[in-house]
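Remarks on the structure that follows.
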Amino acid sequence: MLPMDELLSHLGPSLLLLLQLQLLLPPASAFFPNIWSLLAAPGSITHQDLTEEAALNVTLQLFLEQPPPGRPPLRLEDFLGRTLLADNLFAAYFGPGSPSRRFRAALGEVSRANAAQDFLPTSRNDPDLHFDAERLGQGRTRLVGALGETVVAARALDHTLARQRLGAALHALQDFYSHSNWVELGKQQPHPHLLWPRQGLRNLAQVGDPTCSDCEGLSCPGNLLGFTLLTSGYFGTHPSKPPGKCSHGGHFDQSSSQPPRGGINKDSTSPGFSPHHMLHLQAANLALLASIQAFSLLRSRLGDRGFSRLLDITPASSLSFVLDTTGSMGEEINAAKIQARHIVEQRRGGPMEPTHYVLVPFHDPGFGPVFTTSDPDSFWQQLNEIHALGGGDEPEMCLSALELALLHTPPLSDIFVFTDASPKDAFLTNRVKSLTQERRCRVTFLVTEDPSRVQGRPRREVLSPLRFEPYEAVALASGGEVIFTKDQYIRDVAAIAGDSVANLVTLPLEPPVVVPERPLVFSVDGLLQRVTVRIHGEVSSFWIRNPAGVSQGQEEGEGPLGHTRRFGKFWMVSMNDPLQTGTWEIQVTAKGTPRVRVQAQTSLDFLFHFGIPMEDGPHPGLYPLTQPVAGLQTQLLVEVTGLGSRRNPGDPLPHFSHIVLRGVPHGAELGRVPLEPMGPRERGLLAASLPPTLLSTAGPFSLELIGQDGVGQGLHRAAPQPCAVVPVLLEVRCQRKVRLRLERTGPAAPPLTGPPPQLSGPSGFLAPGTEALLSLRIASFSGPQDLDLKTSVNPSFALTSNLSRVHLEQNESAWGCLWLKVPDTAASDSVVMVTVTAMDREASTVPPTHAFLRLLVLGPAPQVRCPHFPLQDRQGEGRAVQAYLGAATLTASPSSPQDQLPAPVHSTDPVLTTTSSVFHLSTLVTPGRAGGGLVGNPWRGTVGAVLLLLGLASW
């Protein structure tokens, strides 16, 4: 290690601050466990708990060091002894009511990626990814590699991939303290070299060193032999446990029945799962400290701005424009420029300044390139260079451009499409719909039509709604809308872009669509502000009535309830604050079917995701799903954000009692399901079982959250976009080797065979001039399925598949391979999206199922000398190592003897062998959660301290 003075000089203010904190570790009775872990191991601490608490500690550190513009600086003493919650941190730093929704969503991505290491076929049985089987040197190599990949992906602005790799790294880091004997050796601080690849791991037990004695009980407090060497337990049958070695232990570890019996893992408080359960808290404490180190080191490599982008530490949304640039689009382009300039100037330097800008032009036959930046001036300059040129008949390549924007726009964002033409690429409709839901982005189309205009492209005399059905379908699926207007109104209508960046929520309407002579009803609560009513269509009259019976009609200008503006067929009513709480009504008389949307600003919102409960196995939890699958019992997990934003500080917290599920688009109620709280109310974590009737057939549905505020007044929130029950489970992943087979729950079918090409580069990364191998899995749980499978890749790389058709019976799965050829000319840091589509060959009414895989092309790697990273076998990983270390040439200490042991075949590279292709419901994962510490536990969630090991300082 370096001398103390030299180490302190390397720390800098961000790490030195952590030395001022103190972390307390009282008894475990009040730990907040995973809800599914509660049944098996009450009081246990999960990977999600550790990950989220570490992120909150480092976020607080960032806020303390960077005072908010125009606001008083935060004080450490205001947080000591308090539970850390994301909502409270954001309110203190950005101001009351500032939404933490994006931060909590980003943290949820990291947490779920962390938990996924315990159940994905590519990772769950690999000892290198869990520090099992005494493969400590190899585990450290993989850990450091994953952190380096996190830095590379974050610098390339692919934060989705960066969060996935960060979750994998944190899982391995936390497992070290539970699976090794570091705690049993009496260590009080994290390992000084685990995150530091220049230092070798010393004092490792060798293959011939006995480490454990026999233990026939569940609890094995004294089974480690008296030695000072570092070891870890063996799990399962691969690799096999040598004589005299320790097992991982627990009911599901086959090696623990072989002498010496028992085990040493500290995963939980349950002796049935963890023979060293009595040391669970100590292991969790060190794992938390090490996780804080990892987050802090990432912050030092990425800088404060890059680290904030990685975890989306902002209340603001991104700004994404998709622009038609043909000759007739001059007014629309000018409107986009004016609105973008307004947003940039109005929000510059404030908490609501967009953190990411995306611009994609299109025309016919071309679209793109995509322009992305975090600099508002660069975005404005690029937008200002776009002019309406060329022309010709519509249609245009609008959906292709929108798909490109979706690949580069952060989740939970709004995308605005400016065009006056229908899509030429309508065949992309279903794929783009699914991508909007996978990315959870809302798309608004601003479509202009002016038959009186004679210049520009030749135009039809009357708008044909059928030509715009793809836009309507995408808008409905994404929670957006299609607004038809004219050139003379486009600048005013484009102002909705500025409103959407301000984090609007859409209020539920009953009924959700206009029914003749029946008013639409919506609820206003005391946490809503800036309510806006938007009406679009051939409207002859409308009125709005508040709970006191005061009405306002369609007359333009100021009325008793708000200000009304009309732009052709588009009406906007901005209601006056404060609004009277209670039930409001809207009555619309129109030709055809007008559309009504009510939006408001509020910090009280919710996130959600789906999962399959896995209760048998070493790590009970949830297998996460993007969408529910027909025939598969599914849990809905809800995370309420903004619970601290009460009308009066002394009021009790709001609470939500049930969820309403409605069919889309007509709004028929499909079910009303009670919500069960997951832990203390201030966390806002709720769960519900989706009704079997909903899961029996494929189709879209919406979610509405029902509850009451602290004084008993009703609360009603809707998910920003609908969900869909998909017909089959479809997944595509990176693989190194795959065994192709078709498997049933009944008699096994003969396995398919195929060539096993090697994937160059770490998981999720590609190198120019290589061929990547991907695995495909498809499963049916609702009956026989005859399916066609189609594949595509954006950009257009060569992609081949050995599976184009499949017949599945109920509870049957099929596996296949995709080969992706990356050309030598592939652009560095470019995002690649692989899409697999499964379509029913018979039922045209059954919606297709899509699976998406994001990959990142790495540039050439500099020469890096580091014996722990065999660059000749892992193209692209050298760049990750360099990003992690921050140096081009390194001198590493010799690898330990343990690192020189032969590795199992399936763990020699970052991408792992698939050992089984069956979709086992015993596969396990803990559900991802974001937003707070272990509430109610005195040590977890309290600011305290983090005594960083100085040996990591110069990373």
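Positions of Cβ are set from backbone N, Cα and C atoms, glycine also.
What TrEMBL records for 1-30 is signal peptide. Here TrEMBL flags 85-307 as domain 'VWA7 N-terminal'. The annotation region 'Disordered' is assigned in TrEMBL to 240-275. According to TrEMBL, the domain 'Hemicentin-1-like von Willebrand factor A' annotation covers 318-486. Summarising the annotation, TrEMBL assigns domain 'Hemicentin/VWA7 galactose-binding' to 512-602. Summarising the annotation, TrEMBL assigns domain 'VWA7 beta-sandwich' to 605-723. TrEMBL lists 759-858 with the feature domain 'VWA7 Ig-like'.
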Next item on the list: Sort the residues of the region 'Disordered' (240-275) into helix, strand and coil with DSSP and give the three counts.
Entry: 4 helix, 1 strand, 31 coil
Notebook entry, point to check: Mind checking how the domain 'VWA7 beta-sandwich' (605-723) divides into helix, strand and coil residues in DSSP?
Noted result: 7 helix, 61 strand, 51 coil
Margin query: At a threshold of under 8 Å on Cβ distances, which of 85-307, 318-486, 759-858 pairs most often with the domain 'VWA7 beta-sandwich' (605-723)?
Written below: 85-307
Check: What residues in the same chain, six or more past the boundaries of the region 'Disordered' (240-275), come closer than 8 Å to it by Cβ-Cβ distance?
Finding: 28, 37, 40-44, 132-134, 177-179, 181, 183-184, 207-220, 223-224, 231-234, 282-283, 616-619
Next item on the list: With DSSP as the yardstick, break the domain 'VWA7 Ig-like' (759-858) down into helix, strand and coil residue counts.
Entry: 0 helix, 59 strand, 41 coil
Check: So how many of the residues in the domain 'Hemicentin/VWA7 galactose-binding' (512-602) end up helix, strand or coil by DSSP?
Finding: 0 helix, 60 strand, 31 coil
